[in-house]
């Protein structure tokens, strides 16, 4: 593979994470406007976003096998067509069924693209370089989380319809589409070389179970927290939508900076030990945010939370890919799928909590999930295989 092609594939991975980040994170900003558009209470409206998360989950799960059947390039081109259909559905369809179907299609496109992006990085890079590359790739998720809530707030403040936010997000896939047409992709499945055969036979080990639980709890906790921060800030502290949007942007700015910092730091530390420390610090930072009664402190705590939690999910994926001697697409997709289950459950879990006990209870639940991540990372230390495979020295 020549360097220019590798660079194009790497940028496809970057944009794939930005696309998923934009779709998932912007939900909290537009939810109120969409609820008003369909004349539904916000707690009920949140349940319809499960279609987005379900689409992401199903496509990531199935793509572990589809990547070996349908060429990656063909999947991404087909994804572009689906993206156009979904955004057109949001714009011209004025009923809840069309909205739900369009969100599901967006989820499918996002999941396919993200699973391909993750595989490309794990395929092209090895050892600790894989971890730092994945972390930098994941920073585009948070970069989108920084940019699109601000863009959404600007559009909504000017009384521009909410669906134009999704049209803006669709521009990311235009970039993916153009790069895809110019790139050559690795071949998987029966057409690939025999090097991929040992991957299917190698046992994953118990460590993968703890990584999977940690990935699920982390994403569920993170999104359960950040999706309700705007509602919490406006209702509890009487902030306006711009101030609430700034809180969310602060989180993702800090998250992005943390990723860049840790993409250099991680190569000097054992991945299991550092992810355990980061999970503990993230749990403490979220507790401080949820517990404070001073609105002036919210920005400090959410900045700290964004920074220390930035490397957790990507490190979990990297540790998963290092549980076998040869990187397995199915193992990586399994960890991704578990994380995406957390995405899908975000409003299924937090919606009823908000309806029955209020937004603060949902944030406290997210804090408990972060504590679970810490416990899983701690236990992982007794079962992980990444040291015995020699990956720690790469």
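Just so you know, glycine gets a Cβ as well, placed from its N, Cα and C.
Quick look at what Swiss-Prot annotates:
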TRANSMEM  11-31  transmembrane segment
TRANSMEM  51-71  transmembrane segment
TRANSMEM  76-96  transmembrane segment
TRANSMEM  101-121  transmembrane segment
TRANSMEM  134-154  transmembrane segment
TRANSMEM  162-182  transmembrane segment
TRANSMEM  206-226  transmembrane segment
TRANSMEM  246-266  transmembrane segment
TRANSMEM  274-294  transmembrane segment
TRANSMEM  302-322  transmembrane segment
TRANSMEM  334-354  transmembrane segment
TRANSMEM  363-383  transmembrane segment
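Packing against the transmembrane segment (246-266) from elsewhere in the chain are residues 25, 28-29, 128, 131-133, 135-136, 138-139, 142-146, 149-150, 226, 229-230, 233, 239, 274, 298-299, 302-311, 314-315: each is 6 or more residues past its ends and has a CB under 8 Å from a CB in it.
Counted as Cβ pairs under 8 Å, contacts with the transmembrane segment (11-31) are highest for 101-121 among 76-96, 101-121, 206-226, 302-322, 363-383. Against the transmembrane segment (51-71), stretch 334-354 has more CB pairs under 8 A than any other of 206-226, 274-294, 334-354. Remote same-chain partners of the transmembrane segment (134-154), defined as residues 6 or more beyond its termini with a Cβ less than 8 Å from a stretch Cβ, comprise 10, 13-15, 17-22, 25-26, 28-30, 117-118, 121-122, 162, 165, 168-169, 172, 226, 241-242, 245-246, 248-249, 251-253, 255-256, 259-260, 262-263, 266, 306, 310-311, 313-315, 317-318. Looking at 274-294, 302-322, 334-354, the range that has the most CB pairs within less than 8 A of the transmembrane segment (363-383) turns out to be 274-294. Only pairs six or more apart in sequence are counted, and the transmembrane segment (334-354) with the transmembrane segment (162-182) gives fewer than three Cβ pairs under 8 Å, not enough to call it a contact. At the 8 Å Cβ threshold, with sequence separation of at least 6, the transmembrane segment (206-226) comes into contact with the transmembrane segment (302-322) through 3 or more pairs.
If you look at the transmembrane segment (302-322), the same-chain residues 6 or more away from its ends with a CB under 8 A from one of its CBs are 118, 122, 127, 130-131, 134-135, 137-139, 142, 207-208, 211-212, 214-215, 218-219, 222, 229, 247, 250-259, 261-262, 266, 271-272, 274-275, 278-279, 281-282, 285-286, 288-289, 328, 331-332, 334-336, 339, 370, 373, 380, 384-386, 389, 391.
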